Amino acid sequence: MTSTSNAALPGNHSIAFIGGGNMARSLVGGLIGGGLAAQRIHVADPGDAVRAALEADFGVATFADAGEAVAAADVWVMAVKPQVLRGVCEGLADTARERVPLVVSVAAGITTAQIERWLGGKAAVVRTMPNTPSLLGAGMTGLYANARVDAAGRTLAEALLSATGRTAWIDDEMLMDAVTAVSGSGPAYVFLFAEAMEAAAIAQGLPADAARLMVQQTLLGAARMLSESGEAPEELRRRVTSPNGTTQAALEAFEAGGLRALVADAVAAARRRGQELSAAND
Ligand SMILES: NC(=O)C1=CN([C@@H]2O[C@H](COP(=O)(O)OP(=O)(O)OC[C@H]3O[C@@H](n4cnc5c(N)ncnc54)[C@H](OP(=O)(O)O)[C@@H]3O)[C@@H](O)[C@H]2O)C=CC1
Ligand SMILES: O=C(O)[C@@H]1CCC=N1
């Protein structure tokens, strides 16, 4: 694995997003926040309201038709649901055969071999798994490239995604479902934990607004310590935990409730679901 952050986008490439939903919005926002000119981004989405919001928020050109969005683009970012990706690719296959694009997919589960086949057999495909903090430039993206992607394509895909946060290349495509289960879905695990902590705070009598602020700031502070201190989570946890103190009482309750096994089960379930999405939509 090699990991990087914040490479500049090389060349004068035009990027078409197919699908303008949550993930495309996060990536477009991250790219524009990182200084990419809005004119270099086209987005296709069937939703009138989705397109209007993207135009208003980011100044990008939008299209109802994917074929129009990719017409001038040499990089195609596939940001539709896994369930519709096959139809989208097959609709663009003639164009992809004539003018082979670099395809960057963010779809969970769907393999590079599937995308290459659906696009007519020639496309250079980088399968990626970003996450929604990309919108803030704090994303995490795993990347895997098929054999058709050359060094320039890898550099370009990495630059594209690193404009929205950190990146890590994965050598074995089988592990991309594990990446999805850890960092792709991971923000939702943290949000669920935040919901549970807020509810617990309110149950202990704290006002709702104070409970929300305490949880937000505690997670932010802990995340910053994790990423900025250079220390392992075990060590950071040890320093909070006074012998026979309050933290120890809480941590013993988490351990007794099987938190570690529960997290392992949840990550395994997400990985299995990625594999199912590939098989079910082939
Ligand atoms: N959300 C996340 O945290 C992450 C998501 N992903 C992946 O990103 C992909 C998109 O997910 P997400 O953004 O959450 O989903 P969304 O549903 O928010 O976005 C998908 C968008 O694609 C549109 N769409 C449907 N058909 C077409 C078409 N033929 N051409 C163009 N656009 C179309 C949808 O419109 P409509 O709703 O009208 O059908 C929708 O607006 C998925 O494959 C997912 O696995 C990856 C990492 C993280
Ligand atoms: O839930 C999903 O399937 C997508 C992939 C990772 C995050 N959201």
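Cβ coordinates are placed from backbone N, Cα and C, and glycine is handled just like the others.
In TrEMBL, annotation is done automatically, which means it is predicted and not curated.
Per TrEMBL, the features are as follows:
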type	residues	note
DOMAIN	15-109	domain 'Pyrroline-5-carboxylate reductase catalytic N-terminal'
BINDING	I18, G19, G20, G21, N22, M23, A79, V80, K81, P82	NADP(+) binding site
DOMAIN	173-277	domain 'Pyrroline-5-carboxylate reductase dimerisation'
> Other than its own, how many Cβ atoms are within 10 Å of the Cβ belonging to A79 (NADP(+) binding site)?
Replying inline: 27
> When a 10 Å sphere is centred on the Cβ of G20 (NADP(+) binding site), how many other Cβ atoms does it contain?
Replying inline: 25
> Hey, what's the Cβ neighbour count for N22 (NADP(+) binding site) at 10 Å?
Replying inline: 11
> With DSSP helix as H/G/I and strand as E/B, how many residues of the domain 'Pyrroline-5-carboxylate reductase dimerisation' (173-277) fall in helix, strand and coil?
Replying inline: 89 helix, 0 strand, 16 coil
